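Heads up: the structure comes next, in structure tokens.
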Amino acid sequence: MVTTGNQPWSPQKKTLRRGVALESDLISPPLSGLSSALSGSTAHEKEAKGRGEGDEVRAVAGRFSGRMDEGNRRMIVGFLLVGFSGFLAGGQTLLDVCSTCHANAKCQDKPNGSGKVCNCELGFLGNGITFCQDKDECQIGTTKICGQHTTCHNTYGSYYCTCLAGYRPSNNMAVFIPNDGTHCQDIDECKTTGLCGEGGQCRNVEGSFDCSCQLGYQVHNGSEPFHPQRDGASCKVVDCGQPAAVEDTTLLPLQGTTYSSVATYVCNEGFVWRRGDNSSVCSADGLWRGPTLVCEAKCGPIPFLANSEVVWHNRSVVIHRCGAGYHSWRGTSMSLCGSSGVWQEATLKCIEINPPISHLVIHNGNCLQWKAEKYEEDTETYRVTYTGSRDFQRSFRDRGKHFLTSKADRLKLCLKLLPVTNYSVSVTAASARFTATTATNTSLTEPPAPVVYYTELETPFPTLRLQRSPDTLDPLSLYQIFVLPVEGITMFDCSFPASLDAQNKLNPAAEYITAQLHVQSVGTEMNFTVGDGRLYGGFYNAPLESSRTYYIILRAVSQWKTASKSCCVLWAKIEGTSYVLRASSLSVVVFIGGAILVVLGGYSFTWYGE
């Protein structure tokens, strides 16, 4: 802000042509503020005379101030004030506004006729005096300035438009300015012959085109619709390949295998064309359609026997057999075409049969029992197969196969099925080609007891030994080592030891578990030291009291869900300090006491003698 006299003056905005708002930083005080610099009434007269021209000076000064620094503005302000003072003193205009216009501006009359003003040319923005910079019309937006499907290109003082690929200007010029109504319109590429290649059908779309295949052609290396230049796809003629063979017919030489080609069939020698079409046509989907002809032997259709099926036939011979669920009762199984053109039918009679295997059950967990029913043979051969799996061992499989030949009506076969296993068992009667199937879940059995070497020891840290063989129940089995004080034993229940009862935990005389081991972690041989003070399976292997006698019992237990089976073996007897050791200790005490008495007696005797 600049102060002239006592009145401050602030910059004001002035709006010029083409919507350019300029903010003047020049000092433009009221004319009365300059009266102190002039003399008497002369100043007032010049003020009145030059009031209109003062506005013009201020406008010019405002345009000069556009992008100047503070030093330039002060210099121009001084220049204008001097010129303005000369104007007031001489009574005529000393500043030519038009001579100050920028090279890209033109001098024009003010709308109110009060003077001249510098305005930037079309395509430029600025204050008209110090600068007129290029106006980037494309910043407005390509669609707004050039229209749809265009690209805007800015030039110095102007711009031009071009059309996007797939479009062309309505004035057929390479570039245009849309002020004459020129716009971009779609190019119909499909007017170009062969654009989609052989068998291709062109479809024009907005700004582009796509192709599809004509009838009889299929798209290759792509899918429809496609763009041949972009996708690399093309149309290939449909080729159905060699036609399939048809029963009892001969295919005549082909003229082609492409779309709409026709293949013709004729009946073989000894057969007659009874009905249907004898031609096959290559269709648009690449498949042969037809033929539907039926060629029959000269004797006519092959004979059909109730409850039977045809095993084999040619022009004159048919072999029959009974269907599934039926067996041959009597008669022949061959039909012949006679010289008279009449079939000599087979006399085979097929009647329904009961299942050769019924009432298939598993008894006592391992033994398979079933009822047999035989028709054609007195002796039947059975094949028994089984497969077992376990819920707790995903990779476990137990498979077995047995053969059994028997004349009996009721049969029994005991299998070596493993415990805790889900089995599927199948029995097949060979001659009847009949199979029956059943399923069973074997139960948990008692685990095998390890081999131990019973010993009697007199040490508080006995080392005991066992041997074992791997078993399929190992993943479910544990070894529990029990310590039983001899003086507290009344009875040891292997299936449910008293130490597992919470009520006996505080009874010092009761047995206790000193170690628990997973069987899978135990090798084929193991040495175990009782009382080594370590933890085994969460149980403390407490040292034995040297004064007490114990029994060591090894318990093998298998558990699955709520079932539990166990067995126990007596492993060792650990005795306290023996009678011999106690007697020896007593003898030592007596000997020492006797020696003391002898010494005392000798001393007394010596004293008495004196």
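Heads up, the Cβ atoms here are built off N, Cα and C, so glycines get one too.
Database features (TrEMBL):
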COMPBIAS  32-41  compositional bias 'Low complexity'
REGION    32-55  region 'Disordered'
COMPBIAS  43-55  compositional bias 'Basic and acidic residues'
TRANSMEM  75-95  transmembrane segment
DOMAIN    94-133  domain 'EGF-like'
DISULFID  Cys101-Cys118  disulfide bond
DOMAIN    134-173  domain 'EGF-like'
DOMAIN    186-223  domain 'EGF-like'
DOMAIN    238-297  domain 'Sushi'
TRANSMEM  586-608  transmembrane segment
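The Cβ of Cys101 (disulfide bond) has Cys107, Cys118, Gly128, Ile129 as same-chain neighbours under 8 Å, each 6 or more residues away in sequence. Residue counts for the domain 'EGF-like' (186-223) under DSSP, split into helix (H, G, I), strand (E, B) and coil, are 3 helix, 17 strand, 18 coil. Mean pLDDT, taken over the domain 'EGF-like' (186-223), works out to 87 on the 0 to 100 scale.
Each residue in the domain 'Sushi' (238-297) gets a DSSP state, and the totals come to 0 helix, 26 strand, 34 coil. Taken residue by residue, the domain 'EGF-like' (134-173) breaks down under DSSP into 9 helix, 16 strand, 15 coil. Of all Cβ atoms in the protein chains displayed, 25 besides its own lie within 10 Å of the Cβ of Cys118 (disulfide bond).
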